[in-house]
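Per TrEMBL, ATP binding site is recorded for Lys42. Sequence annotations record features per position, and here TrEMBL assigns domain 'Protein kinase' to 13-275.
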Amino acid sequence: MALFKPENVEDFYEIEEVLGSGHFGQVRKVCERTSRTHWAGKFLKIRKTACSRLGLDRTSVEREVEILQILHHPNIVALKDVFESRSEVVLILELVSGGELFDFIAEKENLLECEAIEFLKQILEGLKFMHKNNIAHFDLKPENIMLSDKGSPHPNIKLIDFGLAHHFCQGEEYRSTSGTPQYIAPEMISNEPLSTAADMWSIGVITYILLSGLSPFQGETDEETLKNVIATNYQFNKHYFSMTSSMAKDFIMKLLIKTPNERMTAEECLVHPWIKPITRTQADKRSRSSINMRSFKKFNAKRKWKMSYNMVLMCNRLVSLRLPCKSNSNPDPLQVRIKTYSKV
Ligand code: ATP
């Protein structure tokens, strides 16, 4: 277990602007006083009593820290230090300054499948490493896929937010129903035992969106979305997938499979011909196919709008609870952490 330093974080770091917000606190840019290096400080409010509605359990934070300590990989955010006070734990993380991958792509005029694959490969490399260490992320979605530096010609992917991640012990049966409806695997909704295959479902959904700008299971309401996921009810609408290669669709079909152990693993994905072509024809197909940029831009704009809308809702709720609502530069997305499925 990591050492949670009892010292005041501000004795070591200057606290700067807000980078983003989550359910249990803020992420702020911090500057190390001795080296003048910048980091990201994730400030997590800790529940004071077991029956308190506000804040996180200390054990959840310990779990996130333990997992981050294991994961040393170029495509996974690194943890530097942990501080603890009576009401707060502060994780000092590598600063990921390139923003979200989806925002970076949405700024482009067009993108070939082979260019999108370069990003996907890095996501899969990070996942392969995580899964080899028996760790599942369980919250993969566009908001948690960031870029280290978008100014570089080949920006590096960084997977963030290990708040729902789980480290499996041998033979352990683990269930959880927390997640985001659009990206959640069917076995999570039906509260079945989970494995790293749940992350592979999310990769299928993310790839589908990346190529078409459509969300495969999105319904009018969260309940409808969850029903679509359970039914594995999706198709490749010709209008949106007219520029997509058949290999890309094959890749998605091998991930959006209801039975978890029939899905491709991250390792298998990395040798799928769409990711790693064997023949010249396969390589050519990827370079002739492109992502549906018009539709993707619309999807991303709507996603960002929903993030702002949900932030306003969250602030209103805090105001009604008479709690202070701090402003932030990167508001919370539609992160409905669904805990019960009684209506499904
Ligand atoms: P959630 O409630 O969504 O799970 P969380 O409290 O676990 O959120 P994160 O998702 O880890 O918090 O971070 C919230 C936001 O802060 C992210 O969406 C991102 O914009 C920003 N952020 C997180 N980590 C970093 C980092 N290392 N560098 C830069 N920005 C970051």
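For all residues, glycine too, the Cβ spot is worked out from N, Cα and C.
Model confidence over the domain 'Protein kinase' (13-275) is summarised by a mean pLDDT of 95. The number of other Cβ atoms within 10 Å of the Cβ belonging to Lys42 (ATP binding site), over all protein chains shown, comes to 27.
In the three-state DSSP reading, Lys42 (ATP binding site) counts as strand.
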